[in-house]
Amino acid sequence: MLLKLAPAFTLLNSHGENLSPMLSTSSQGFVLKNFSTKSRNGLLVVCASKGSNTKPLTGVVFEPFEEVKKELMLVPTVPQVSLARHKYSDQCEAAVNEQINVEYNVSYVYHGMYAYFDRDNVALKGLARFFKESSEEERGHAEKLMEYQNKRGGKVKLQSILMPLSEFDHAEEGDALYAMELALSLAKLTNQKLLNLHAVATRNNDVQLADFVESKYLREQVEAIKMISEYVAQLRRVGKGHGVWHFDQMLLQEEEVVA
């Protein structure tokens, strides 16, 4: 039964409490819902109906102590097993270790380039600083991956690093252009390795690893490829002669401004 009341009407219970919030408006006044009415001695008596439902809207009640029992049984008790590891597959762990090795190898190559251009008979200080900073950046990438490996409960397994080149002079291109083209190739190779790591994470439904690779590596790698590509284009324009020195000075000044 629905009871229509005038807008100015105030409904009180036996204790004098206002029940007006229980009213919903309509075009003709107020409609009282979930209440039954009856007349007693000429007075209107309103009683709460039994149709109210206090169950959760979704029908699902979260019971943490019941649901955590399964996870509690999986907590390792052996000291050699990681306590933090959760939803981290062996494939993802191995792929992260491979990427650590890639970053260290690229860092080693860049460090060799830094040593070459810092020689007294080469003396291209701008290129030397650029490759030294690039080497430190790649090593930082490797260390960041190592930290992530430990964070996820994996084990860091360092692999061997190949000996890099020590000479970068090229008969046709010259040392500056040859080294920068090599750096561009390494940047693209690193990007491909990162894409492979992201694919492994996606294949194993590891959303956290995929997000880590996207946010910390892939965006930055695209920017590095663009920057090195511009350096290659500029070095191709200036040739092997006096223009290389001007390019090196420009590079040195840019790095000093950034620093």
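From the backbone N, Cα and C atoms, a Cβ is placed for every residue, glycine too.
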Have a look through GLU98, GLU103, GLU173, GLU181 and flag the one Swiss-Prot assigns to the Fe cation 1 site that GLU138, HIS141 belong to.
GLU103
Stretch carrying region 'Extension peptide (EP)' according to Swiss-Prot (options 20-52, 53-85):
53-85
Environment of GLU103, GLU138, HIS141, the listed Fe cation 1 site - residues of the same chain whose CB lies within 8 A of the CB centroid:
VAL102, TYR104, VAL106, SER107, GLU137, ARG139, GLY140, ALA142, LEU145, THR190
Nonlocal residues around GLU138 (Fe cation 1 binding site), in sequence order (Cβ under 8 Å, 6 or more apart):
GLU103, TYR104, VAL106, SER107, TYR110, THR190
So what sits near GLN221 (Fe cation 2 binding site) in its own chain, CB-to-CB under 8 Å and at least six residues off in sequence?
ALA187, THR190, ASN191, LEU194
Would you mind listing, in sequence order, the residues at least six apart from HIS141 (Fe cation 1 binding site) in the same chain with a Cβ closer than 8 Å to its Cβ?
GLU103, TYR217
